[in-house]
Amino acid sequence: MSEPRPRAATTSAHAVSSCPSYVEDSNVYCAAPLSTGNSLQAPPPYMSQDNGDVTTGTSERMRDNWRERSTITFANERPVEGKGRRPSKSSQESGENDYGHGHGVKKMLRRFSLSSRSHFHQGVAKATKVKGPADVSTGVYDSNQEFNDAEIENQSWMGASARAAAALQNEQHHTAKPQMVDLQRRDTAKSSRVVVLPRDADSGVWGVAGVPAEDVGDSLAHMPRVDPVSYLPAELTALVFENLDAKSLARAQCVSKTWHHAAMSRHVWREVFLARYLKKPAVSPPPPQIGGKGIGKRRPEQDWQRMHKARKIIDRNWNAGDGKAIYMAGHTDSVYCVQFDEEKIITGSRDRTIRVWDINTYKCLRVIGGPATRPVPGPKELKTVEPPFLHHVEPSVNGTPAGDSIFHVPSDYHSASILCLQYDDEIMVTGSSDSTLIVWDIKTYEPIKRLVKHASGVLDVAFDDNYIVSCSKDSTITIWDRKTLEPKQVLHGHKGPVNAVQLRGNLLVSASGDGIAKLWNLGNGTGPAHPVREFNSKDRGLAAVEFSEDANYVLAGGNDHITYKFDTNTGAEVHTYLGHTNLVRSLYLDAHNNRVISGSYDLSLRVYDYADDPAQGQRGGREIAVFPEWTTSWMLAAKSDYRRIVSTSQDGRILMIDFGLDVDGAELLEGRYRFSVYFAPSSISFTAQLPFQITQLTSEPSINSLRHIQPPPSTPAMSSSSQPPNPGQLPSNLPGVSAYLTGHNEQGQAIVQSARPGKWTAFDADKMEFDVVYTTSQSPPDLNDDADMKTHDALMGSKKLGLVNPGGSVCRIVDFAPGYDCMMHRTRSLDYGIVLEGSIELLLDSGEKQLMHRGDVAVQRATMHAWRNPSETEWARMIFVLQDFAGVLSTASAHGGWGNWGKEQEQDGWNVKQNSYKHVAVFSVDGMHGSDVEKYLAVRPNSNISQLLQHGYEYTDAYTTAPSDSFPGSMAQFTGATPKTTGVWYDDIWVRDYYDAGSNCTGPPGAEVQYAENIDYNSTLLWSGGIDPASLPETLVNGKCQKVYPHNHLRVNTIWEVVHSKGLQTAYADKHPAYDIVRGPSGTGLSVGYFPEIQSVDNTVAATIAYDRLHVNAWLDWLDVATPEHSEGALSAIPTLFGGNFQAVSVAQKTVGYQATAGNPFTPALLQAFDFVDASLGAVVAKLKAKNLYNSTLIVVASKHGQAAIDPKLYAKIDPTLIANLTGVAVEWQTSDDIALLFLNNSADTAKAAANLKANAAQAHIRSVIYGANLTASGFGDPAKDPAVPDIIVQPENGIIYTTSKAKIAEHGGISDDDREVACFVSSPGLKAQKIAARVNTTQVGPTILQALGFDAAELQGAKSEGTKALPGFY
């Protein structure tokens, strides 16, 4: 028995409900007057055809004819022109009615076709008077209350033809005899007799309304009343419903519960949506897709009905001209050409650059041009439309770090204006005033080949899979072979510049300044092309041309302000589009959406109706919308899709008009659609000819397509969402999971031995969760005595399971949050990954992407990869089976993890020991303290640094080495060791066994070793010429005197050497050529060194920022595998390890300092320096993202040194000679900053000198004196054994600087907290944000970098010697 059905709310006899009324008992009532002789509505008839007249027979005749047909037949008829005829007078008198309603009726008697789109709302009841609705209180139809057509025209509660078919469909189903009931109407003494019929439990069909009781007889008792939707297979119901239009389908939802469920099917709405909006190619090969298709993504839970509504609203906005303006600035001159898709906009300009824009964020992603086209600040802001039409203005980033970061100089480029472009998924072709075309790889924006043939500027280009066609100011058209990129032929015929071309299959149309548009036949590609037809403008030249996708029409516009529509078959002018008052410069025909877009020198865009509309008395051309003066100069190009117009102007801006902003469901329309339809199972046989052909494709079986259609009530409904989520499961829209482990009973029969619901563990801020289904720990597994189950349970209980189970396998279900993008990683395993719900994008470190849909399988063979859920609204689910494999595939370790989540993840079943990244970027913000990070975030909470830390580890108690000078600070990070091991104490130090420069190792040993600007050829120049060997100290090596280059001075290898020794690229930038030291003792650690001389720059914040920008530009160039001028070496690939330093913060601290206030501790100049660093890091991130490297790159920011003192009130200067004098002994060498390193003439005087310094500590503001055993115990080494270790270290009070400089107000190099407490954080998209308070040292940076790249940190000699570990989270 079905559930009670709700009643419709009928408020009066004439206020009929929009859905059928239902009663709550088991009977349905049909009312008829007691009096006889009235003209009554007969039961809905079967139709027959006699001499062209549609008639009805008696119920007996209908019954007899129905018995002649024992099978269900689906009719092919469709509505024909005209309305159904009213019953003739004779038929009224005889009680017979005409129910034809314009159907073409066949000879044989048949029921109404449910496959007809019209018969759910244009049924037989429409042509007759219909008895009133049921009384709400009784659920009884009253036959005395009548309504005419006008009153019921749009009332779907009648459902006349549907109920007619339902009531007469299957005589085989037996119903009980009717009962006669007397009713007394409340408003009249007239009584009625009603026929009480048992209601069908599923259909909601009540019987035949208005049947007089006198005419019922015994025969009516056996007349079938069955709802076909309840008994047809779900597949057939879907086939019927998907042939409805959206309006009819919405009405069908109101017939009954069963109809409602069927009509709400996602599959049915998908077919209805796609029937209306899916664009089918009209020619082969098709032209490149412009914009989006507006048909959404193929997702199991796609809301197609909501999408249909969104499209309707967007279309309504078009017709109302209700679009919102978005302006994008950046080009510095006229923008001649544009094309766009759902992700990007590409434009070409007179400024000789190509720009790529994000269509969703409106930001410029890339600027492509020659070195001379690097954008300069500007352009100025221009006038826009006023609100409410204005949505957004995206300002130019030219001349900023962000602007510099997106500038790219390819290996070849145009030397003049970019006049035209077109692109598809593989290539982009641009044409220029330099008379050439360039074919580009659209994925890398690198040139493939320059095409040279034209003698003047290339004005337009078009291509498909076979040809590239270009036209020129030289009056010619050149046909190129797309595959070979060689010219096939040159077409002559125009007498003026050929301004535009369009290609459709083997047909080409061109428009010229000579006022003629020509249609060309390209033939089969072997013979010469020839002109077919000409289309003439009435006056002057043509500037733009469009070709309909079916090649039946040509649109052309030009100097006479008119757009013409020509018939290509006849050559006739079909229509003219009027309205512009100046040259029509641009045309775009969007035939699928029935729109023509034109742009003119009159500063306007106009939108026209393209298709003929005889019902409106039009032959197309109706003006839909006008956008006058939404730009400040000529409109040069415009294209559109289902929701947007993207146009360009002489004023250098891109103007996008969006008709889909704030439309509910508009986001669902985005994405590419993969064609698939369901097929009927072979077990279903049909005796009828279906009104359409069913196509079988293997991409989506019908069971998946139809799983949301409600089956007959007798069959339990099952769907993937029928199981509720497991406890602790994050996504509520995904079903819960259970694992069923089979075994055997005592009789040896198979049984379900264990049923285990999913147990989920969340990671990465609840953006991903795991359920481990099962594991094995050996291969093959041991199933005896349930050994495998016991091993699995023990492993899970230990919480030591990593991503891979060594020697065994893991079956794991993974849920991905909407928009979640896990970090690039690799595992030592062979994995099978199957998409269960939603769609998943597989990202590979090569930049390749593969979108996977439900049922797709990835066989992951230990490669660097990431997973991304492209949906912004729905969770996605995959199941993985991971199998351990033997051996390592490459030099990089295969033990990578999904994230650097440390011990917290180990407790949740992780065991991440090493991590595999493809790239590491390491930057030092010289002078930046760890406390500065927190202070800056408080001032700039939405900064790029803040964004980095949302996916990173911040080490809040990080310290650099002591002393904290730049040289030992750098080497600490790059060697994993302190000065006692590296031998690098300062950039200006004394070494007891070196010899002076130029001495040829003669004289007493001991020499100043200064590795700064002093060893340059000319330190007054930015490009100083590099290291002058004549300035270098010397040493004896195996009895031979040798120059000691900085890299020779270092005693242990560097991370740069380790990485470069693997055949990988490395690149580094710093402030002196002396940073040759990072190359390591071998001198081979860098592929590229970039060392502009900081000493040549004014000691101001502004000048230093300009200097630092050189480093930033170098980093960005390296990511393009470009080598800046004045570099040492060259790159052959994107560097695996790269980085450098920032100087601006350090200079600001030394020259301006901090404010002595708690609110904002930064002076304006210091804040400016921090802001520059922040913007530069953002530029690097943007570049990494643009190169698809962000997921596979670990970003490390660790300062070489801090700066003392932070509190400006503590600053004081002392002449450094005071320290030497206070020792009371002879001092060989003194290095002084906010520290003093003393080398005595005689080390035996150390104790005496130290005692004198202590005695005079107050005079020199000395905090401590470190020497002797204390020096060794403090980790500085033993001067008796190491010629580089000073005899005494003097630590002054905080803020004291031993200097005579008048410019400094702070300094570094000392061992105070202000000197050594530094900024240190790492970031990658896969990291979980953490603040790690444990004390760390910057020596741990080197081992971390090597481990992140998959190398053994033990290869770093200094780290191995001192036992340095990686940073927490990486060991």
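Yeah, the Cβs are placed from backbone N, Cα and C, and that goes for glycine too.
TrEMBL has this to say about the protein:
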REGION    33-103  region 'Disordered'
COMPBIAS  48-59  compositional bias 'Polar residues'
COMPBIAS  60-70  compositional bias 'Basic and acidic residues'
DOMAIN    226-272  domain 'F-box'
REPEAT    328-367  repeat 'WD'
REPEAT    411-450  repeat 'WD'
REPEAT    451-490  repeat 'WD'
REPEAT    491-522  repeat 'WD'
REPEAT    577-609  repeat 'WD'
REGION    704-739  region 'Disordered'
Within-chain partners of the repeat 'WD' (451-490) [C-beta distance under 8 Å, separation at least 6 from its ends]: 285-288, 416-417, 419-422, 424, 427, 429-439, 496-503, 505, 508, 510, 512, 520, 522, 525, 528-529
The repeat 'WD' (577-609) - residue tally per DSSP class, helix then strand then coil: 3 helix, 20 strand, 10 coil
Intrachain residues whose Cβ lies under 8 Å of the repeat 'WD' (577-609), provided they are six or more past its termini: 279, 290, 315, 318, 321, 543-550, 555-559, 561-565, 618, 620-642, 645, 647, 657
Counts of helix, strand and coil residues, the repeat 'WD' (491-522), according to DSSP: 0 helix, 20 strand, 12 coil
Per-region confidence, the domain 'F-box' (226-272) (mean pLDDT, whole number): 85
Residue distribution over DSSP helix, strand and coil in the repeat 'WD' (411-450): 0 helix, 23 strand, 17 coil
